[in-house]
Amino acid sequence: MKVLPSPTLQPLLCCISAPNPRSTHVSTGRSTSLATRTNIFFSSAAKSKPIDHVLKLFHLLPARDTVTWNTAISACLRHCRVDAALRLFVDMLLASSPAPDAITIRLVLRAFSEANDSRLLPQIHAYVLKLQEQLPPSELTVLHTCLLNSYRKFGYVDLAHKVFCGMPDQDVVTFTSMLTGYVQDGRHVEALRIFQGMVESGRFRLNEHVYSCALRACAGNSTLSDAQQIHAHVLKSGMASDVFTGTSLVDLYVKCDEMECARRAFLGISEPSVVSWNALMAGKLDGNEEIMLFGHMRSLGVVPDHMTFANVLRACGDGVGTEEVRQLHGIVMKMMEVKLDTFVSIALFEAYIDHGCFNEAQNVFSEMVQKDDVAYNLAIQGYNRNGHATEAVSLFLECLKMGKELREVTLSSLLKEVGLHSGRQLHAMISKFGCSGSGQYNFLLGPLIRMYLDHHFLDDALCVFEKLHQRDLALWTSLISGFSRIGESDAALKLYVRMVTEESVEPPNHYMFSAVLSSCAQIAALEEGKQIHAQVIKSDHRVKCDTFVVSSLLHMYAKSGHIEEAIRLFEKMPKRDMASWNAMISGLVQHGFAKRAIDTFQELVKLK
């Protein structure tokens, strides 16, 4: 059935179809083509009419070329109709003619970005490769840059780098985009390599964004030597006073714990923003300096934000009295004018609880507009740390009932304070609210196992362990090291054998090897120790070279009377700690090598 135009569209269609005397005077001297007249009128309609009206008109047009399709797709994006833009692109591909051009691809990449949909990016990439022979270099560079940015936005940094390497002409925009992608993905070494490539090419004038990205890469990698080299580039370029570059320098030095350099970088900024002040105040400053900076910042007319308040409040435990905390609380309330956000409330709660102001801390917590999981965990730890275990337990149980995401460290700190009786009550509540072996609080069973082992309740610890359907290496390590710690070495070795033969867990790490070798040493189990040594040799390089593992091996051989092997290990150790010296000397004494023990002791004294 033929689609008839609506009354509102009819006049426009007539204008397109009718000869237009005014449009005949073009450079060729010939009359304007139907396609050109269609595009002129459609472009005008796309800018002034509602999008539904534009789409209806598009489907009724007598002639549609690539420009027409691009105008329609662009109109959809301008009206935030991403789904309609992508549908048009699919229709264009299905129609076979006309073919998409570079502008189409740029519009579609923008649509994918706004729709947060990356499924067709590889196909778009393939289409770009087909187009590149037909496009001028400048247009191809723009298209490659759009594609690179799309890959970067979706986290496909390796694919973005592939586009980058395939570009015939890489400009400062593409270099910066690639640098940003690596920084956002946490791949700081690669980011610094890109920056080095920019510097070595000598083709580009580096801007504040490039320097900021490079400095962020140094901060993420904590590489002070690279940072100082980039700082030298910044000083040479005269951009140290730029607020973005200068703030990145401050942030970098703070993260590298170089506070004097951070202060100098801060003083070099011509007009520090609130972000600049926050970067400096996030460093390791004592409470009085933090408060002094806060006052100076306000005197200069810089308005603090929630990050500023949080930084100052968190520094209040260091040489700052309770009265100053209360004054800061008043300033915060006055300046923020509304209910405190969670971030500032947590900092204020911690400042009060660390000064022993339990009632004020409790009031701050109860008045929090939104109590997230972090707030609950910190409140429990804060109450517990300052002698309010009853309130901590009560809040912990409340969290269990509400299904909050509790941290293992929260329960660990609580169990250390409350004792076995309250620990059993917490165990019962955890079991009730999601720990039947595969529930959401499974990870909290590790601290319970450690608690039972600390009180020598081996059967209870095993009972908790056996109920678990999934046992990771951390839980096995907790159990085996616990048994070893209280002298149940035979049981610890049996558990280790069971783990490596029956369970599909990740390979033992340095903690596990140290624990099980300690058990071998306690009972002089030389043969078992040798078998574990063989496993250590086959393990990851970092594990077999770990100081704790080598010290544990040395201790095991020395206690078992295999002095020659102990000496061999001791002499090969690149770095000897006190545990390894003690193990070597005590092993020599125990097995009658008195002279060698005295010589080894004298060697230690000389080093000290």
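Backbone N, Cα and C atoms are what each Cβ position is placed from, and that goes for glycine too.
Caution: TrEMBL annotation is automatic and unverified by curators.
Here is what TrEMBL says about this protein:
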| type | residues | note |
| --- | --- | --- |
| REPEAT | 65-100 | repeat 'PPR' |
| REPEAT | 171-205 | repeat 'PPR' |
| REPEAT | 372-406 | repeat 'PPR' |
| REPEAT | 472-507 | repeat 'PPR' |
| REPEAT | 546-580 | repeat 'PPR' |
Residues of the repeat 'PPR' (472-507) by DSSP state, where helix covers H, G and I: 27 helix, 0 strand, 9 coil
For the repeat 'PPR' (65-100), distant same-chain residues with Cβ under 8 A (at least six beyond the ends): 35, 38-39, 42-43, 46-47, 51, 54-55, 58, 107-108, 110-112, 114-115, 117, 127
Close approaches to the repeat 'PPR' (372-406) from elsewhere in its chain (Cβ under 8 angstroms; 6 or more beyond its ends): 342, 345-346, 349-350, 353-354, 356, 358, 361-362, 365, 413-414, 417-418, 422, 425-426, 429-430, 432-434, 440-441, 444
Remote residues contacting the repeat 'PPR' (171-205) - C-beta distance under 8 A, at least 6 residues beyond either end: 141, 144-145, 148-149, 151-152, 155, 157, 160-161, 164, 213-214, 216-218, 220-221, 223, 226, 230, 233
DSSP residue counts for the repeat 'PPR' (546-580), split into helix, strand and coil: 26 helix, 0 strand, 9 coil
The repeat 'PPR' (372-406) [mean pLDDT, rounded to integer]: 85
